[in-house]
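Taken from TrEMBL as is:
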REGION    1-26  region 'Disordered'
TRANSMEM  179-199  transmembrane segment
TRANSMEM  205-224  transmembrane segment
TRANSMEM  259-278  transmembrane segment
TRANSMEM  285-306  transmembrane segment
TRANSMEM  345-366  transmembrane segment
TRANSMEM  378-397  transmembrane segment
TRANSMEM  417-435  transmembrane segment
TRANSMEM  442-464  transmembrane segment
TRANSMEM  476-499  transmembrane segment
DOMAIN    527-650  domain 'STAS'
Amino acid sequence: MGLTSDEEPKTKDMENGSLSSSHYHTENLPNIHKVGVPRRSNLLKEFTGGVKETFFSDDPLRPFKGQTKSRKFILAIQAVFPIFEWGRDYNLTKFKGDVIAGLTIASLCIPQDIGYAKLANLAPQYGLYSSFVPPLIYAFMGSSRDIAIGPVDVVSLLLGSLLQNEIDPIKYPAEYRRLAFTATFFAGITQATLGLLRLGFLIDFLSHAAIVGFMGGAAITIALQQLKGFLGIKNFTKKSDLVSVMQSVWGSVHHGWNWQTVVIAVAFLGFLLFAKYLGKKNKRFFWVPAIAPLISVILSTFFVYITRADKNGVQIVKHIEKGINPPSVNQIYFTGDYVIKGFKIGVVAGLIALTEALAIGRTFAAMKDYQLDGNKEMVALGTMNVVGSMTSCYVTTGSFSRSAVNYMAGCQTSVSNIVMSCVVLLTLELITPLFKYTPNAILSSIIISAVISLIDYETAYLIWKIDKFDFVACMGAFIGVIFASVEVGLLIAVSISFAKILLQVTRPRTAILGRLPRTTVYRNIEQYPDASKVPGILIVRVDSAIYFSNSNYVKERILRWLTDEEEHLKANGLPRVDFLIVEMSPVTDIDTSGIHALEELYRSLQKRDVQLVLANPGQVVIDKLHASKFTDLIGEDKIFLTVSDAVLTCAPKVVDEA
């Protein structure tokens, strides 16, 4: 800190003092304050405070304080069903926006649902079922105004990939469906449990970079899987890796491709990509890419019907079951060998679905500046999947493409999901027979055009520029998905994310500090090259909490800094280091292993005739240092509020001359 003119004479009188702090007392120095020691808190109070901050940081019970019993009951209903809260202010203007948005996303979801059901190796109607019941549940329980609910490509592919490893969907379709409903049930249980126990922060362990790589790899895998329908190949590999798919494609080039199918697929893929380009080019035409898939389905179906191209090898959907969702609660495995398999698949699919939905919800909530309750979202998503599993649905979540269209169409609330659900209901009851001649090629084209946007190369390049380790996580997930499988890519993504956390925890950053010219501010000399070291003093900053996982490294790294500095000083004939100041303001916490490491550091420094000094330990840290008697070991006069105070006390003459 700076000295006033009244304090300068006092400082000048210090020039004749010894550099040894044993002969120098802080009470004789101007503006030097002792480090505050907090009162010892009650153990129970400290524990409950920590639990509250970890699991209830948003203070969810605040609205209930001071309310009557009847009001508390109403608030509880609104907490579970947010529609009763925002519904009070609902009006005709909002309804018009929601109707337009709902009709728009319905035109997009119907052809997508049929295609995504194929990704999950299920009959087309199950995709439509999954866009009827779950959106209704979410509309009542979800807190996002913009998320559009339904099947999504990545989760459909993941579910289909994991399920077919257990049961062949062609040989045993009934058992396969039962396992799909079982996995959906446990996916919902997992999501709802995380929300009820307020464990949503666990989702954040999957880094953004890993998700970008995983989604990009999944997009390519999904697109490769569509080559079967795109080219009209009948005998196609069941594997999803790049090598197996390309071998299957090129192995059937002379006898397996159908040229009529290729013409239909290429023509409509070009139309869909042009519609998407037009929508991006001019925001007023956002509805063009939204309605383009439905137009494509109608035109291609009519074309196949009048030309009877199905008799020339063009594969068609053939039959979609008419009617609303049949109950499926009796088909869920609650006993037997498939319960554990369904549970494992459900947990994985549920976590991926949850990650995607929360990312989408947070994105649009930030754009519209409203609060998204992550725990309510998890409960809502979990409930809709549990109910969905009992009504012939498979895992559903928030769809990015539909949510973007929903947002652009001017949705006001989640009523747009109700409108979409009603349109799907009418489709199931009245229109499904019309899809009989829909070519599989058009469904492949719709899916390929939809997943292209998942390959976010711009973000990948930005990750490369910002953090190379993040880029490794991104590419590891990407390569794992396209060259192995979706589950391997997911495992790599999670493993690299955890590896990064472990690396940062076990190898925290440390820095040498120097004083900026004409100030009493001390900063990293690597960041500020004009910052100068103080003769006779080495100042080290530790940029992390000190725990059992890194305490030994921190101690050894500080000693290594000291050794390097002493060698440098000796080589240049400069005075040796007498004081080592550890700047502890970034040290948010310390455990017994950390304190033990400081004790070992103190003893090592004593052997070198170097005094250990601490600067600005935080409340938690100083409390533990006092409790462990470490402050008695090094002396109260070796703990300072700032680095400036420590330097001024340890080397006042040097400070005055600077």
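Each residue, glycine too, has its Cβ placed from N, Cα and C.
TrEMBL entries are annotated by machine, without manual review.
Long-range contacts of the transmembrane segment (378-397) within the same chain, counting only residues at least 6 positions beyond its ends with a Cβ under 8 Å from a Cβ of the stretch, are 80, 117, 120, 122, 126, 129-135, 137-138, 141-143, 149-152, 155-156, 159, 180-185, 187-196, 200, 325-329, 332, 346, 349-350, 353-354, 356-358.
When Cβ-Cβ distances under 8 Å to the transmembrane segment (476-499) are tallied for each of 285-306, 345-366, 417-435, the top count falls to 345-366. Long-range contacts of the transmembrane segment (179-199) within the same chain, counting only residues at least 6 positions beyond its ends with a Cβ under 8 Å from a Cβ of the stretch, are 55-56, 120, 122, 159, 162-163, 166-167, 328, 331-333, 338-339, 341-343, 345-347, 349-351, 353-354, 374-390, 392-395. For the transmembrane segment (417-435), the most Cβ-contacting stretch among 259-278, 285-306, 345-366, 442-464 is 285-306 (pairs under 8 Å).
For the domain 'STAS' (527-650), the model's pLDDT averages out at 94. As a quick check, the transmembrane segment (285-306) and the transmembrane segment (345-366) miss the bar of 3 or more Cβ pairs under 8 A, pairs 6 or more apart, so the two do not touch. In the domain 'STAS' (527-650), the DSSP tally of helix, strand and coil residues is 62 helix, 21 strand, 41 coil.
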